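Feature annotations, courtesy of Swiss-Prot:
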TOPO_DOM  1-19  topological domain 'Cytoplasmic'
TRANSMEM  20-38  transmembrane segment
TOPO_DOM  39-43  topological domain 'Periplasmic'
TRANSMEM  44-61  transmembrane segment
TOPO_DOM  62-71  topological domain 'Cytoplasmic'
TRANSMEM  72-91  transmembrane segment
TOPO_DOM  92-107  topological domain 'Periplasmic'
TRANSMEM  108-125  transmembrane segment
TOPO_DOM  126-134  topological domain 'Cytoplasmic'
TRANSMEM  135-153  transmembrane segment
TOPO_DOM  154-167  topological domain 'Periplasmic'
TRANSMEM  168-187  transmembrane segment
TOPO_DOM  188-194  topological domain 'Cytoplasmic'
TRANSMEM  195-211  transmembrane segment
TOPO_DOM  212-216  topological domain 'Periplasmic'
TRANSMEM  217-234  transmembrane segment
TOPO_DOM  235-240  topological domain 'Cytoplasmic'
TRANSMEM  241-259  transmembrane segment
TOPO_DOM  260-348  topological domain 'Periplasmic'
TRANSMEM  349-367  transmembrane segment
TOPO_DOM  368-372  topological domain 'Cytoplasmic'
TRANSMEM  373-391  transmembrane segment
TOPO_DOM  392-396  topological domain 'Periplasmic'
TRANSMEM  397-412  transmembrane segment
TOPO_DOM  413-419  topological domain 'Cytoplasmic'
Amino acid sequence: MLTSFKLHSLKPYTLKSSMILEIITYILCFFSMIIAFVDNTFSIKIYNITAIVCLLSLILRGRQENYNIKNLILPLSIFLIGLLDLIWYSAFKVDNSPFRATYHSYLNTAKIFIFGSFIVFLTLTSQLKSKKESVLYTLYSLSFLIAGYAMYINSIHENDRISFGVGTATGAAYSTMLIGIVSGVAILYTKKNHPFLFLLNSCAVLYVLALTQTRATLLLFPIICVAALIAYYNKSPKKFTSSIVLLIAILASIVIIFNKPIQNRYNEALNDLNSYTNANSVTSLGARLAMYEIGLNIFIKSPFSFRSAESRAESMNLLVAEHNRLRGALEFSNVHLHNEIIEAGSLKGLMGIFSTLFLYFSLFYIAYKKRALGLLILTLGIVGIGLSDVIIWARSIPIIIISAIVLLLVINNRNNTIN
């Protein structure tokens, strides 16, 4: 009886502590996302602290009424990817492997996604409601800060593709686009949600993408912008029409300003495709197409099997020995196959493909159930990039993905009470 009374009297304090830790979790998610943009090593440390704070918050909170299957689907899909990556790593990693980098990247993804499943679950079951718009304006400023930083880097290395701190220009482009989506969507949740402010943000993002010269994002991001405008302004034809006209003007301006590098990248793409049709895949696009063909071939031969990075590389070499036109793919045998589905299938078989599709489905499902249009836009970005590259891999971009999901769910909770 006395014990029951003590527990009851302590409950308000534990709940308050849980709420404080939850707020700290979201703040750390914000910093994890930003730091991942420039420093892989430090970002994983901040992310690990975020996960610990999240777990403490969940423990102190106790069971909630909204702990249901609806709110478990997305965390489960994230956890499944992390678990499969961990199983794959444990089954095949050996000392002194020539594919150490590949194994290490999957181990990092496993940790990030397993921890991330708990952070996303905390967010989906959150009872916190805040009407402060200062947070939204802080998020909105991110794209402009990135654009300013990119301008500074470009002034020093004028003719180079900028890469920030994530290793490659392509990685910088993906990171910029994902953070840019969070930044742009944030302004749409404010009272001053005029499409001009969203498009101003889009202009900053497109400027950075043009500096990275990454074709996939330069094609994908305008489509995502149109999808966002349709989702948010479909009931206001005047705003929608004016915003589309302004978006076209922005795109035209970007093309004019960056005409030379864009034209060069376009010509390179045409040359790559021409080379591929002439049995030469040792080009950027040609290597991708060769990887897709090889990856599908490896999967079809053994669709139910997990296979090591060494085994996949051996299969790639055998296929290239038979079909020399696919030799461009060999350069990436110690990286990945530049498509989420094909990469997952080539190493983890049907289970790998299922886990990736389950994640995509879960993101769309939660976006629909929570009426989270921001999450829908982010999901389109994740799926779109996954068609031509692998981003559920390594450290920086997985951290940005999890953090972006969390932050978009947090700001969506301002307007929705659906659980």
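Cβ coordinates are placed from backbone N, Cα and C, and glycine is handled just like the others.
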Task: the transmembrane segment (44-61) and the transmembrane segment (108-125) contact flag, 3+ Cβ pairs under 8 angstroms - done: yes
Task: Annotated stretches the transmembrane segment (195-211) and the transmembrane segment (72-91) touching (3 or more Cβ pairs under 8 Å) - done: no
TODO: Give the residue counts of the topological domain 'Periplasmic' (92-107) per reduced DSSP state, in the order helix, strand, coil.
DONE: 9 helix, 0 strand, 7 coil
- [ ] Report, as numbers and ranges, which residues of the same chain sit near the transmembrane segment (397-412): CB under 8 Å and 6 or more residues beyond its ends.
- [x] 26, 29-30, 32-33, 36-37, 43-44, 47, 74, 78, 108-109, 112-113, 116, 119-120, 123-124, 126, 128, 135-136, 139, 166, 171, 174-175, 178-179, 181-182, 185-186, 189, 363, 366, 370-375, 378, 382, 391
Open item on the list: Can you tell me which recorded stretch out of 72-91, 135-153, 168-187, 349-367 has the most Cβ pairs within less than 8 Å of the transmembrane segment (20-38)?
Closed with: 168-187
TODO: Mind checking which residues of the chain, 6+ beyond the ends of the transmembrane segment (72-91), have their Cβ under 8 Å from one of its Cβ atoms?
DONE: 103, 106-107, 109-118, 120-121, 124, 306, 308, 347-348, 351-352, 355-356, 358-359, 361-363, 365-366, 392, 402, 405
Task: Segment proximity, the transmembrane segment (217-234) to the transmembrane segment (373-391), 3 or more C-beta pairs under 8 Å - done: yes
Task: Confidence summary (mean pLDDT) of the topological domain 'Periplasmic' (39-43) - done: 92
Open item on the list: Same chain only, please: residues at least 6 beyond the ends of the topological domain 'Cytoplasmic' (188-194) with a C-beta under 8 Å from a C-beta of the stretch. Say none if there are none.
Closed with: 133, 136-137, 140, 228, 232, 239, 373-374, 411-412, 414-415
